[in-house]
């Protein structure tokens with residue numbers, strides 16, 4: 001059916017998680033708390049990196065980019081998630097749904113690329129310390145940062161254009177809390193084979209290539225650490241990378257399960273639960289891990305607090 005000039009459905013309805021009121025309210029409190037903590041934590045990291053001169057190095061510039069990304073990554077989906085917990089009927093226009101799809105997958109792709117770049121940065125710092133300042137200069141760092149954003153926003157562009165040409169004739173209920181790819185395809189009365197194949201290929205290429213590059217960097221780091229003669233030196237070197245590796249493991253573990261698979265294998269209930277991890281939990285875990293496990297960030301945070309106390313005194 002050709003839906004380019006005629007679209008019967010003008011808006012979709014999110015089903016969310018449950019129709020039971022007390023369960024929806026409980027989830028609302030949990031998700032709102034995590035969302036606010038995520039916003040505050042990531043905003044704090046950005047502020048510290050911008051204001052503390054000692055943290056204006058490639059490693060922390062990448063961290064600031066990641067925190068900025070996480071703020072918008074969660075904001076693309078969590079407000080609708082919170083709305084589905086408060087109201088029984090939460091709608092979104094077809095155009096709004098496609099727009100949400102594009103920005104969500106753009107920022108997801110940007111995060112994949114940025115995590116790979118951060119792993120490469122740590123690889124240079126550990127494996128080529130004498131040449132690190134030359135290989136990862138401020139100019140190179142900014143180019144990598146810009147490239148991550150540009151590449152991330154280009155990756156889902158073609159699938160999004162193809163989705164915008166699909167026709168939707170009903171039903172109009174999305175069995176999710178945001179406009180994910182499989183629920184959208186399920187509602188279309190057009191032939192979605194091409195856009196599904198393209199979307200699956202794009203997501204698999206971005207996720208797996210960035211994952212393999214990240215793991216390759218950490219593989220070289222581990223080999224270098226093992227070769228260090230001093231046990232204390234090995235412990236200190238690995239601790240600088242442990243926080244990043246933790247974030248990478250949590251994030252890639254969930255998105256590979258969710259998107260690197262045949263479309264026919266999609267389970268909507270499991271999909272929604274897994275989505276909570278990479279849409280809600282991971283953006284909170286990022287600032288927690290980096291602040292709790294990083295001495296430089298904690299030192300800068302204590303310095304910021306002491307300055308505030310002096311101003312208030």
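Cβ from N, Cα, C; glycine included.
Bear in mind that the values here come from a model prediction, so they are computed numbers and not experimental data.
As recorded in TrEMBL, the features of this protein are as follows:
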- 41-290: domain 'G-protein coupled receptors family 1 profile' (DOMAIN)
- 12-38: transmembrane segment (TRANSMEM)
- 44-69: transmembrane segment (TRANSMEM)
- 81-103: transmembrane segment (TRANSMEM)
- 149-168: transmembrane segment (TRANSMEM)
- 197-226: transmembrane segment (TRANSMEM)
- 238-260: transmembrane segment (TRANSMEM)
- 272-292: transmembrane segment (TRANSMEM)
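Taking Cβ pairs closer than 8 Å, the transmembrane segment (197-226) reaches residues 105, 109, 112-113, 115-116, 119-120, 122-123, 126-127, 155-156, 158-159, 162, 181, 234, 237-238, 241, 245, 248, 252, 255-256, 259-260, 262-263 in its own chain, all 6 or more past its ends.
Packing against the transmembrane segment (149-168) from elsewhere in the chain are residues 1-4, 6-9, 12, 65, 94, 98, 101-102, 105-114, 181, 184, 187-190, 192, 194-195, 198-199, 202, 206: each is 6 or more residues past its ends and has a CB under 8 Å from a CB in it. Between the transmembrane segment (12-38) and the stretches 44-69, 81-103, 238-260, 272-292, it is 81-103 that has the most C-beta pairs under 8 angstroms. Across the domain 'G-protein coupled receptors family 1 profile' (41-290), the model assigns an average pLDDT of 88.
Panel annotation: around the transmembrane segment (238-260), residues 108, 111-112, 115, 118-119, 122, 125-126, 181, 200, 203-204, 207-208, 211, 214, 218, 221, 225, 271, 274-275, 277-278, 281-282, 285-286, 289-290, 293-294 of the same chain, lying at least six beyond its termini, place a Cβ under 8 Å from a Cβ of the stretch.
Counting same-chain residues at least six beyond the ends of the transmembrane segment (44-69), those with a Cβ under 8 angstroms from any Cβ of the stretch are 107, 110-111, 114-115, 117-118, 121-122, 125, 136, 138, 140-142, 144-145, 148-149, 286-287, 290-291, 296-297, 300-301, 303-304.
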